[in-house]
Amino acid sequence: MDIVGHTVMEHNRSVYSRADSTSFDRGDVSFIIVAGAMVLLMVPGLAFLYSGLARRKSALSLIWAVAASNAVGIFQWWFWGYSLAFSSSATSGYIGNLRNFGLMKVLGDPSPGSPLIPEILYSFFQMEFACVTIGILMGGIAERGRVLPAMILTFTWLTLVYCPLACWVWGANGWAFSWGVLDFAGGGPVEIGSGVSGLALAWVIGRRQEKELLNFRPHNVSLVCLGTFLLWFGWLGFNGGSAFGANLRAIVAIWNSMLAAAFGGMVWCIMDYRYERHWSMVGFCSGTIAGLVAATPSSGFVHPWASVIIGIVSGAACNLATKLKFHFRIDDALDLFAEHAIGGIVGLFLNGFFGTNEVIRLDGVNTSVPGGFMDHNWKQLYIQFAYICATCSYSFVVTALLAKIIDMIPGLKLRSTPEDESLGMDEVEIGEFATDYIEVRRDFTDGLYMNGSDPSQHHVAAGDRHGRPDNVLHQHSLIQNGNGIAHEDLNGVKHDGNGIAMLNEKTRDSDSS
């Protein structure tokens with residue numbers, strides 16, 4: 001009995017000795033595990049947000065697309081995604097190699113991102129970033145995209161767009177990392193990558209039908225609000241965890257995220273009030289997300305007072321950017337470009353002004369990294385600008401090419417048929433509905449013009465997400481179709497070459513009054 005007890009005691013002492021000699025602080029490891037779990041909660045947050053913003057007949061298809069893309073993202077990251085983004089032996093500066101294929105040799109060594117945590121934990125945390133990013137991109141198929149081709153696009157996009165972008169700025173030998181770009185939690189790979197790619201995807205898929213653009217507004221604002229607050233909660237782990245330890249820099253990042261979100265929401269809401277004369281809940285949620293997006297690249301580099309400015313600028317810039325899709329003639333239904341791309345650009349560029357080593361060194365690791373204008377590092381401004389240009393152009397071009405190639409493969413056409421679009425993606429693609437209801441009418445225009453009244457007297461296409469028409473952008477004195485000839489539909493409504501209904505002079509006068 002004494003021999004057995006002595007053996008057990010010796011074994012326990014050996015285990016405790018090995019645990020005590022590890023180079024990783026258990027508090028840091030625990031913090032990143034919890035932060036990664038918080039980031040996972042952003043996936044249902046995105047799903048609910050997109051579902052609430054869409055029409056009821058396509059609400060569940062967006063939840064499915066986000067959930068399924070999360071599963072595909074987990075597989076891709078395990079298969080070769082982590083290796084292509086973070087393999088430490090790669091030297092190209094643009095994309096990694098397959099040294100860590102299938103997470104081989106990824107265990108207890110210090111991670112390539114920080115010596116504070118093991119590589120196996122780092123790979124998990126970064127996997128959640130990839131899953132959230134591809135979930136954002138799924139907004140580009142809203143109300144007219146087929147989900148199976150979208151899943152094929154998910155795998156290829158993560159491989160050829162996200163992994164290179166992550167390697168550029170976070171890889172040990174990435175060109176942007178070596179050049180000194182300041183991108184804390186993914187302004188380039190996550191925000192610009194998803195936002196600009198979403199614009200490219202919407203461009204390739206094409207605009208929704210004219211009747212689907214009439215009176216387009218969120219079908220469930222409660223879901224929009226729920227999704228936003230789930231995202232806000234997860235974003236604290238997203239940004240705070242990017243300090244890779246339970247340290248002061250993580251706390252500053254969380255504070256900055258809170259401030260940018262709060263001021264972004266208030267600014268957006270006030271700007272909408274000028275036109276609506278209502279305090280829009282959707283507007284507040286949109287502004288909150290815009291502030292969080294801008295905080296993603298900046299929260300670990302700036303003082304809290306700077307995040308107030310970043311939140312104000314991002315809320316205003318993203319609000320105004322929602323009108324760009326009308327100029328581009330691209331049906332970015334859920335405003336991926338305005339929210340994520342513009343917000344990411346704002347945060348990245350303002351890093352060049354407000355980034356400071358006083359905040360960066362709080363993690364106890366990056367003690368010699370210079371900030372931007374605040375640290376008299378003037379060249380940081382053009383470094384940030386060049387990085388923004390590189391990520392925007394690469395994301396748009398490669399995503400458009402990928403989407404076009406997949407769309408040309410038999411059986412993988414990204415766009416549904418006009419008949420399927422009228423029925424709704426829930427019935428055609430999923431076979432289930434987000435909400436059980438007694439259907440009185442499916443389309444907004446069903447049964448409204450039985451007496452021959454003109455629909456242009458009351459409603460126009462492509463209003464903003466509150467259902468109000470943007471007359472300035474959509475009305476012209478002379479309109480032409482693709483052949484240079486103005487045309488009317490059966491109801492006498494004039495259209496331009498893109499199928500946008502135009503208001504007559506009487507309606508314009510009544511709207512202005």
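Glycine is no exception: its Cβ is also placed from the backbone N, Cα and C atoms.
These come from TrEMBL:
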type	residues	note
TRANSMEM	29-50	transmembrane segment
DOMAIN	31-434	domain 'Ammonium transporter AmtB-like'
TRANSMEM	62-80	transmembrane segment
TRANSMEM	120-138	transmembrane segment
TRANSMEM	150-172	transmembrane segment
TRANSMEM	184-206	transmembrane segment
TRANSMEM	218-238	transmembrane segment
TRANSMEM	250-271	transmembrane segment
TRANSMEM	278-296	transmembrane segment
TRANSMEM	302-321	transmembrane segment
TRANSMEM	333-354	transmembrane segment
TRANSMEM	381-406	transmembrane segment
Q: Name the range, of those listed as 184-206, 278-296, 333-354, that has the largest tally of Cβ pairs under 8 Å with the transmembrane segment (250-271).
A: 278-296
Q. Are the transmembrane segment (150-172) and the transmembrane segment (62-80) close enough that 3 or more Cβ pairs fall under 8 Å, when only pairs 6 or more apart in sequence count?
A. yes
**Q.** Same-chain residues at least 6 beyond the ends of the transmembrane segment (278-296) whose Cβ lies under 8 Å from its Cβ atoms
**A.** 49, 53, 184-187, 190-191, 218, 221, 224-225, 227-228, 231-232, 235, 238-239, 253, 256-257, 260-269, 271-272, 307, 310-311, 313-315, 317-319, 335, 339-340, 342-344, 346-347, 350, 465-466
Q: For the transmembrane segment (333-354) and the transmembrane segment (184-206), check the count of CB pairs under 8 Å (sequence separation 6 or more) and say whether it reaches 3 or more.
A: yes
